[in-house]
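Structure first, then comments.
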Amino acid sequence: MVDLRDNWRIILLIVFILISGFALFSPTLAADDDGGGGNVAATSSVTNLQYGLELSGGTRVRAPLVGVTAEGVEFGGDDPRVVGQNVSDELDGAGPADVTARVDATSGQTTAQPQSEPSSTVEVTAEGITTDELAAALSAAGYEYETVREGVTESTREEVVRILQNKINEAGLSGGTVQQVTTAQGENYVLVEVPNQDASQVRELVSERGTVVIEAHYPTGENYTRDVVLQQDDFQSIGTAQEGQSTGAYVPVTVSESVAPEFQQDMVDTGLAQQGGTRCTYQQNPNGTDPCLLLVVNGEVTNAFGMSPGLADSLRGGSWADDPVFQLQTTNISEAQQVSINLRAGALPAQLDFSQASGGTVSYISPSQGADFRINSLITGIVAVLAVSGVVFVRYSDVRVAAPMVVTALSEVVILLGFAAGIGYPLDLSVIAGFIAVIGTGVDDLIIIADEVMAEGEINSRRVFQSRFRKAFWVIGAAAATTVLAMSPLAILSLGDLQGFAIFTILGVLIGVLITRPAYGDILRALTTVDR
Amino acid sequence: MVEFTVPEVDYTRYTNRQLAAIPLAVLVVALIVIGGWYVMTGSPVNQGIAFTGGTEVQVAIDGPQSAAEEQIRSAFSAEPETIRSVPAQSVYVVTFQSEAGSDGISAAALERQAQDAGLDVRSVSSVSASFGANTQVLALGGLGVAFLGMSILVFAMFRVFVPSVAVVLSAFSDIAIPIALMNVLGIELSLGTVAALLMLIGYSVDSDILLNNHILRRSGDFYESTYRAMRTGVTMTLTSISAMIVMTITATLFGIQLLAAIGTVLVFGLAADLMNTYLLNLSLLRWYKFRGVSR
């Protein structure tokens, strides 16, 4: 009796529900089929749904980068490195490391308009430098420029994102993500999300530049001199932080072959590798100590150490360069971990701005709060659906009309959840608000269909049904188009916590109008048409 | 058997002017409230920390409310702007407004202070002033574009002036009235309430389009069409209102502020929509149908 051609809408709906069910539950099913595959053991929940920070707990940091940039700078034939040096000389509070001059390298990969000339940029990433100061410094150094603005260049942002991701991975914060977001006004932010970590930990990790250098501190005549002897990229490999019985905390490092002979020579010249080693008393008496090696993190001396007689011997003998390993000693193990992370991940070219006035946002949800929200919002949703069902049953007092209505509305949510699981979109409260909007408009539409189709007594032919259904659909389509249009601006913008809400409301309305609501019409016809 | 039927209103007893007077008066009052708010506070609505910048800390404390509030005040070095308690859970929501000009106290410092005082920190969120200003532009821009898009679409669909204006006007009123009520009741504009205002555009247009469609595009007596549209439309709106009331109560009990805010604003807006659709929109349509055409 069931005519496939007549009921294709219902069949389509069932197919979609099945696909969604598959997307929601498939790995657990697959695990059962394989006889308990090990790779899904980590999936603790029953479904494949991923939860955003609001529903799982964790920290989200959104901050702009500190810096000012001049664009369209005429280098006048100077090497970018020289330009950077010259500009930094004119700036108070910015060292050569804070000034980067670039001949535009991104022009090839950006989708910029063809008329935009590849321009050269000078950016300063030290704190507290204003655009005016940069402009003055450029003029003083004799470079022409087109514009100066707040913010840093695209390549710097990309590098920051890459390094932050490294740092988070190195620190073992699993599931952490870093990405760039842009506001409606074209401002750029770096978005860091780390599940299950509290805000201060994450901030500590991402807020520091993470520069690590080794300096030699040695007497030259009356005074002491400090020279950088090893930099971040002079290391070939960096070990994990360790703590020995007698040695204290340290990070084992290997100096790269090209730098090792030079370092060896430096150690001999500065007197660090003298006969019998050196005893460092920098902390107590910086101006009366033997030569020291200083561990300088973010511009501050965090530890100072001397050299053991054995190491000094091998440095002087020249055999050290063949096997250039040594230990960076730190005061405690957590500092050693920090140094190790910073050395591996690299230093950030620009800092994240956390100031109250111009910074971004920080939010932290405790895991227990997240779990509570997850369960409670589910209960809230169910209660709302029950309220809808109650009203609908009372209004129509006909189970044949009301029951499919509730089932259809719920199937929209199932399909949306399946979609979210399928593409791995993390569920957040704003997405749940979207589900509520969908159920709301969905039930409205189903009421329109039901009233229209059942208007004026029995439906005794398919033609009558079709014409009524089409009439109802005009209203539904018009309302749906309005909703989609109303939500689309928010869905497109990558920033903003309402994006999930907008995306899922639009998706839900589209699924509703194209799949589930027409199917309800067919169900209703099957249940109410007299002539069959 | 419990059963509710939509009552048939005898519209012939009232003139168009009488029908339109009530919703227009309410709209004017709402606009006066919003305007007055703008004059007094410099902003048409009370903006939450998502828009002004500031920090919100949620802590769980057992014990009586007054003792807990005392404990909260002593824990932080800054004076909290508000302390709200979440019913059914011993959770307190403490907000700190970032003051213009001053650097304020950072979220990290507040978190540390709470932990030092032995409070169980449930969540911390902080928004800087400039980020808040961005969000504000985004939210207002989104709302504006959505409203404009809706208006254009409505005009394109009906292609007649008066009925289209009726839809747009009642949608405008559906948004203005909840905003005024938010001011009066001290509900702050948050991302949740912005979402709710956006949803209202959709809900509002639903019932208006239904009414217009029944009256303009169907054959039959004006009052008969009206009644049929009302039977469907009122059912729709009442269903949504009941769902939203229940959701608001549940979400408030659980302390899910976003959902509670959405629910509250939608209840206001949907109630306003009932009034606007069947008094304002209807009177304009009747005027258009009986006087506008014969002219």
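Cβ from N, Cα, C; glycine included.
Where the annotation comes from TrEMBL, it is an automatic prediction and has not been curated.
Remember, it's a predicted structure, so these values are computed and weren't measured experimentally.
Of the listed segments A:289-307, A:498-516, TrEMBL assigns transmembrane segment to A:498-516. Per TrEMBL, the stretch carrying the note transmembrane segment among A:10-30, A:472-492 is A:472-492.
Between the transmembrane segment (A:401-425) and the transmembrane segment (A:472-492) there are fewer than 3 Cβ pairs closer than 8 Å, counting only pairs 6 or more residues apart in sequence, which means the two stretches are not in contact. With respect to Cβ pairs under 8 Å, the transmembrane segment (A:431-451) is most closely packed against A:498-516, considering the stretches A:375-394, A:472-492, A:498-516.
Within its own chain, the transmembrane segment (A:498-516) is flanked in space by residues 9, 12-13, 16, 52, 408-409, 411-413, 415-416, 419-420, 425, 428, 430-431, 433-435, 437-438, 441-442, 445, 476-477, 480, 483-484, 487-491, which lie at least six positions past its ends and keep a Cβ under 8 Å from the stretch. Note on the transmembrane segment (A:472-492): residues 441, 444-445, 448-449, 451-453, 498-499, 501-503, 505-506, 509-510, 512-513, 517-518, 521 of its chain, located 6 or more positions outside it, place their CB under 8 angstroms from a CB of the stretch.
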